[in-house]
């Protein structure tokens, strides 16, 4: 039947029950008719029930009322019915002959038993005759299945009738109240006993409980639940019978996460809402009203969970929720409201979808649902990064710009917004390509990628993200991280890339190449080829490619070539920018079939090299990462030419509209030019030796021949060959075009580039030169052409193209005129070279005349006048070593200048012969002739600037290195009997001299060669000068390019210099007269010796010189090294090519090197004469002695050290010779016993390694530990031992057997310094501090070598331990201090006496203190490289330091020992030094090595004790020894100082004794005589007690530090 919308009725199915299901209801009585009165009678009697009676008649319930016995009828009055029009309207339903709905409404007012109406606060639950059924079907025209006056049992409540509550409230009775007795219809009439039942009139109609769906929608506390219900859940609420529903009240939903709530309110929460409904719904046999909850019951929800319902303490708990309102009746069940949700923890997960919905991305979610991609936003386990456009972004695009919902295009677009993985801002890098969920068929099913861009800026020393974009779409706001998902909000939707052409089309700069693709009909191929990378040259690349090449490729006859070129730009693989940037060298296949090679340049750019084209053809790639559905698109600077495309001169000439010129070439029999091949052997050009294939054709257009009589021209083959030869240029192997990304020209057109033609050997006026006008036009003309009126000797360049044949050299240059060969007058052709030759001969003759004049000047060796009467026989030295070095530098530089001026024309001739193409020159004279004709006299000196700039350092280094090498050879052969070097040793010194000079020679030779080869087919002025060369080379390849050929230069100069110097020395010796010095040679002999040396050098240096010249002049990449150069040279030109230029080299060798030695000798002679005029002549010549030996040099030579000790009064003694006064001091310093607590062995708990270290030390030396030690709790000592342990650990890694090389600096920083800095706490130590050596006590006879030893003035120990200034401040700074008293005393010498001043003598240091005063050193240390062979050297040098300190103490009357430590090879030795003074004689400085801690027990004094630092006990003992020295320095040593200074004061001030200075000052000299042995035995020597004289010009101590 039809339901009215205003009737709150719910009819459910599943009706099957019987009246027997009503146990509390009386059965119908068959004898009801016998009753006197009935309910109908009472209703009829009362006029307030007339409307009700009509409804009862309509519903055919009058018989039912009459048959009832013991019933209760809550009858609505007329007013009640009229107030609620539902029943009255129901009675007027037309076509319903059953009136079932009306009947059920009336049954709900009728009870089958009589009730006693409750009083106040009582609630009575009754059961009506209303059995809810499903009446959702259309009304039936058939009679009901049972008499209409009987109710139909069964229904949606499980055979239970609907319930009705009656309650008493405020003295009234209400019917239809809620569980709390509120609401309902008031009983306004009766109750009246009607005989067969109770009649009570009510003031309103009782509403039949609706279905649960309608009930939820109307109940005030379930409004939120109703708001979020989906149609599917509502349908289930309407259709499910016997349903017990627990609905949380509105406030209970606040427990959900706000995101979850917003998600539930969306249209996409159907699944979650269904789950929530099933968690709160129970469907079992029978409805579960609240009376069944007492005391407890377990219910199973629709999702299978158990609900534990417990009633206790006046409340009912449903699981964790409290029952708020029970038993809200419904037609298909019952509704209970609860206080909280019955959702277990984790049942509802916060998925990305929920967040997206709440963050204004509903359109995005809607599209995802339409294409069934919800798993991407609901999977909480997988890691994803979602790029989500918000609703306003999608709305701005509209439906027309986005694919329709549910389509595959939309699915592709949405997948492009999902990135596998969590890409947080920290994980992003600028330019990073990230894979998406979009699997592209064009990528062979692999994921499409998306480029991320991120910029950061520094803020408070931290990197802060400034902006992020994906695929060009900027992100809005900060990203949101949800479990495994990161969400970015983007400013626009991301569209998947299209095909390669669609991606490249918006870039206007790609239009030319795209047009070529469509012209070659390759668009579909490129679009559909999977996994490809398109490299697109920009439009400027076609301009650089050349007009003629472009014209050829776009011509109708070159379709195949164009297809090959285009497909050569398509890599058969996906190559992204990161692949290009990360691969240093790799080859990629192309669709054309050949490969591309990628390389990284030194400037950071990336270049591709094609398979074909010409030498140097490459293209810089600009990684753009223009993504396509098949790969990527990148930009190129230039076009690739594959090896399958052969661009011949003939093809380019055709593109240049040079048909006439082509016919001219063919008729002249020169077809080989058009084909790019070498001329046939039988042709005239083949017989002349012309073998090159790379030619550049100057091709006049057909219009240039309009005024030429072609018939006449074609008839004269010789003229045709002459004209073709004039237009055919010899192309250099490398063409450098600066200012362009790539060199695609056949030649360079810069003003004034000059090139030879095919007929240039026939005349000096066949070369062509290019000029550039102010408006940028380029013209080409015949060089030096005169007399033609400018009509036929020049033409304008209108186009060009480079050929790929002949190794990629040559091509076609289109010109607008025909160049007619020029024939000059005879006087111009031959006059100029003759004049230049005569001028050169005169210049060389004048040079040698000047040298001869200088040579004859007197050269007397400089001498010095002796000083002082007693020194009458002692001469001065002639010059210092520094002056000699300056002379060598200047003389060598001037000699080099002379060599360059004389030999450069020869060198230029040699270089051009070595580097020119075969057939370019017939010989050296041909080179000179062509050079003079082309460039004039200045051409012979082209490239002269680099050698002129380099000769000074080169020759200075060479001669200096030669002298140094000779000294080196002498030093490593100390036992030689003759100081004269053999020829082999001279050669070795010469070879070594080439090593340092190569550092200057190599770059100079590189620049010189490049300048020299200009004009022989390469552009005439390729470089403007030497600085232009260096700058260009640096830009090309950095320092490596400038120094190219360094090894080849050394290969030439090493053996060459060996022969050079050896030959010079041998020749000089052979030419020198008997009993004469080689310095007495005349000019002719010097010329002969120098020339012979040059010839000897170049006789063996030519092959490496050829290789060097080719290496340094070849384009980059031609040769990989000197071996490769030799192999290719021999393979190409034969072994004889290694001797190219031998004639010019030999011609240059003699005069150039003769000039070199003449310049050197003449310059030395001038400088010697100048020095001689500035001195007073001496009657006796003096001998110049070498410099003094340093202290380290003396220490390394045992004999030298013995000499020094013998003159210093130093001797080594036994330790037992130590004075008794010093034994207590020395024992206290060397005593390290019992310094560590024995408890440490078991109680120290810092680290296992340290415990083992202490335990091992205890095992090695138990005496170090003492149970009585008070240092058990000394934290400072424990820290010290940790430092010692750290130093010991580092030392273990530097053991001799370690593979790592260990230097002295490593030992100092890791071991020596750590021990020193931590142990020396009170005293002051200084590292590498210069100490003055003492004045020697001289003997009567001194050799020269002894003077070199005794002239040493200072020694530099590695460490000196000083008494702190604060400790002895009272001795120096007080007004009446001992220092100031002694300084003022006349017995200590005035302050103006330099080295003998008391201020200088009071300190052992070379450098005076800033505030004058005493300085004292208690100990010196010397450390050498960790090899045991250096230990003796260190000991000797340390003794020199301690001897100085002892002599200093002796001069100040201080009696105290000085300690020395010698460190080497992980071991340490110690020695003690003191002085023994006998009377007034000089003191004896004694030194004793420490024999060991048991020396007092009668041990072997020959034994030398060594502390092994590799041993834990040894290194601990050494640390404690240093601590003892530190304590001694500031305590016992200071006491000795104070006592000594007091004794000195008494001696000087009271007794008037003079102070004896001790420091070494001045220089010692010895008389030079011809016979050294006679000098030693001469009676004229000083007596035994007469000291050798000193130079009276002594320096101040402050400046004497070495």
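Just so it is clear, glycine is given a Cβ too, placed from its N, Cα and C backbone atoms.
Curation does not apply to TrEMBL; its annotations are automatic.
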Per TrEMBL, the range holding transmembrane segment, considering 939-962, 963-986, 987-1010, 1011-1034:
939-962
Which range, 786-807, 808-829, 830-851, 852-873, does TrEMBL list as transmembrane segment?
830-851
May I ask you to indicate which of 132-155, 156-179, 180-203, 204-227 is given in TrEMBL as region 'Disordered'?
132-155
Pick from 1537-1569, 1570-1602: which range has region 'Disordered' per TrEMBL?
1570-1602
On the 0 to 100 scale, where does the mean pLDDT of the repeat 'Solcar' (883-968) fall?
74
Across the domain 'FAS1' (497-640), what are the DSSP residue counts per state (helix, strand, coil)?
55 helix, 40 strand, 49 coil
